[in-house]
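Copied over from TrEMBL, here are the features:
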- 56-74: domain 'NF-X1-type' (DOMAIN)
- 109-128: domain 'NF-X1-type' (DOMAIN)
- 170-189: domain 'NF-X1-type' (DOMAIN)
- 235-258: domain 'NF-X1-type' (DOMAIN)
- 299-318: domain 'NF-X1-type' (DOMAIN)
- 326-345: domain 'NF-X1-type' (DOMAIN)
- 383-402: domain 'NF-X1-type' (DOMAIN)
- 273-289: transmembrane segment (TRANSMEM)
Amino acid sequence: DGNSGWRCPACQNASVQVPKTYTCFCGKVHNPEWNRNEIPHSCGELCGKKRQCLDCPHLCNILCHPGPCPSCPAFVTKTCECGQTSHSVRCGQSTKIHCSNVCGNTLNCGKHSCTQVCHAGKCSPCQLTVQQVCYCGSNFKEVLCGSKEEFSDGFGSFSCQNICGKKLNCGRHNCKQVCHPQPCQLCPRLPQVVYRCPCGQTPLSKLLELGCVERKICTDPIPSCGKTCGKPLSCGSYEFIHTCESLCHEGDCRPCSHTSNIYCRCGFKKKDFWGAFFLFLIAAITFMCDKRCNKKRSCGRHKCNEVCCVDTEHKCSLVCGRKLNCGLHRCEEPCHRGSCQTCWQTSFDELTCYCGESVIYPPVPCGTQPPECKKTCSRPHDCDHPVYHSCHSEEKCPPCTYLTQKWCMGKHEFTSFFTFFRTLIYEQLGTYEFVKSRFRLLNVGDCSPCVTCCLS
């Protein structure tokens with residue numbers, strides 16, 4: 001059939017490589033002798049080859065034979081897919097055995113059993129839902145039983161991302177951390193936890209030496225050192241950090257009374273704002289100046305012209321619109337540098353020459369010129385002279401180049417003229433010197449006096 005390989009003339013079995021030795025069908029005997037009472041090319045002994053069925057342990061028990069071994073005729077006991085029932089079937093039977101009992105195997109969750117009828121393959125994942133509680137115990141959600149989301153570490157199953165709110169070990173304050181798996185931390189106001197004043201500049205041991213009352217429980221006030229707080233505020237800038245000017249105190253610091261400089265997006269202008277309003281301004285709006293960007297866009301043809309521009313690439317969003325190489329379509333890509341890509345449009349019609357002899361088969365790229373044809377031009381011509389030029393795609397044919405004999409203007413003699421040259425003389429030129437030069441170029445010879453007489 002044209003493919004490489006070798007086909008056995010006895011059993012018609014095809015192999016990729018040509019065998020170098022001659023054996024019987026089962027392969028036990030080399031160069032088997034011919035016996036009238038046996039199959040040709042057979043050794044006459046038991047085949048003994050392994051059958052094609054993968055789970056069959058029995059060897060072929062018929063005489064050496066061509067072709068594949070038949071299915072095993074022995075009967076074996078096979079269990080169904082769920083393993084609950086057994087059946088006696090032929091060893092060569094490849095189909096799986098299914099009973100009508102419920103599977104009952106344990107599912108992936110390890111808690112529930114499979115409720116499907118005896119089936120092949122693994123059991124489907126458990127589809128029952130389990131309700132989970134978050135670490136802080138305020139939110140619940142349902143997940144599939146046996147999934148990774150069902151994992152629990154003893155404190156809960158997931159974090160709801162809300163404030164924990166559990167009572168701390170002091171019994172007076174609540175936990176302010178986000179819902180977390182570990183036990184809540186110690187109360188941050190316990191006497192054994194607080195060692196410094198609220199601003200953190202002076203140890204409490206020094207304040208006790210000055211006569212401050214020792215703290216017993218977490219609700220007792222933390223002694224103040226009387227110094228300026230000095231904690232950095234969030235309204236500061238990179239140039240100058242604002243600090244709290246109040247005396248050492250507990251709780252949050254008061255709003256800032258200073259002014260801050262804020263720059264526009266492009267960094268060209270800046271404005272002064274009051275500290276508290278500065279924070280609101282950053283969170284609510286972005287300060288933009290009125291400066292227009294004069295940089296060239298990526299195309300190199302247009303300017304950016306954006307107000308308070310922060311773009312670094314300055315990509316041009318306009319359409320290129322230049323004509324493609326086909327001369328029919330325009331570039332629809334974003335404005336770019338360099339030459340445009342070739343026109344992607346194609347025609348699925350055949351492109352032929354004028355006479356139809358030469359053909360370019362589809363797909364034909366847009367702008368492809370008609371093929372060149374070596375046949376003689378078949379268009380109708382003004383004169384009845386033989387045509388010497390080939391088929392062309394131009395609308396007008398070239399001038400006729402057939403050499404004819406014509407009388408001179410005075411009918412004194414016969415002169416050989418190219419038809420197209422005669423047209424030039426009569427219709428366009430009319431000067432003796434020009435006619436004389438053209439005759440020399442055409443190697444016809446010098447003009448005769450009668451031509452001069454006629455043109456004069």
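Using N, Cα and C of the backbone, Cβ positions are placed for all residues, glycine too.
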Other parts of the chain folded back onto the domain 'NF-X1-type' (299-318), taken as Cβ under 8 Å at six or more residues beyond its ends: 264-266, 268, 288-293, 334-337
Tally of helix, strand and coil residues over the domain 'NF-X1-type' (170-189) according to DSSP? 0 helix, 2 strand, 18 coil
Overall pLDDT for the domain 'NF-X1-type' (170-189), taken as the rounded mean: 87
